[in-house]
Amino acid sequence: MSKTILIADDEPEIIELLKLFLERESYRIIEAYDGEQAWNYIRQHPVDLAIIDIMMPALDGFQLIKRLTNEYKLPVIILSAKNRDSDKILGLGLGADDFISKPFNPLEAVARIQAQLRRAFEFNEPEEKAISTQSTTVGRLTLLHTACVVYRGDETYSVTPLEYRLLNTFMQCSRTSIFTKQQLFEQAWSETYWEDDNTIMVQISRLRDKIEDQPRQPVYIKTVRGLGYKFASKDDFDEEKT
């Protein structure tokens, strides 16, 4: 079935350019020219992926992304001329999955869109994600493999598909492994690493907010200076009990 992609941008020529290339791939395109129009459509109709400009009237892209990620689980790609590191970090921190800077190569944009759709929908196909157990537990943390859910003691947190893949990578190899940023990126994003450390740092920060009692003093995801990250082992918590 053809996937539905919403493009929210106040520049009609940008929408038309993306629409031209995406319709060649048989995607259904919904056009929105401000944030409120995009939000109202998504509230009433199913959308598989949203492409959002930052600078829009009525409701800007950052506000729209915050609303979307609080209420919906769909891939979000920022498409913007605001390409400072601070803009990228803010957008990814609010829940966006990718950031494409204007001007852009439409073929590269299509490839990134397809990658996000592939990840989002492959995650929901159990035959392609065979997992031997229903959950993995380390300390007070339990990752449920049948849904995007993590339990921290008695508290329940929803995680995005990307956060699930990142946390699962850590938890499946939590004994002694130190992951470089390149290894984490290629495992969780399934793409070749392009030395974008900000993307990884933002996602690690978001995960820590959900799984750590004190995110600034992490127990589970530990930074190994100069090397990368290490996840707590089950032995660490067994020792606490003795």
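Numbering starts at 1 and runs along the chain as displayed.
Backbone N, Cα and C atoms are what each Cβ position is placed from, and that goes for glycine too.
Positions annotated as domain 'Response regulatory' by Swiss-Prot: 4-117. The 4-aspartylphosphate annotation in Swiss-Prot covers D53, and the record cites sequence analysis as its basis. The feature DNA-binding region is assigned by Swiss-Prot to 133-233.
All chains included, 26 other C-beta atoms sit within 10 angstroms of the C-beta of D53 (4-aspartylphosphate). Counted with DSSP, the DNA-binding region (133-233) comes out as 35 helix, 26 strand, 40 coil.
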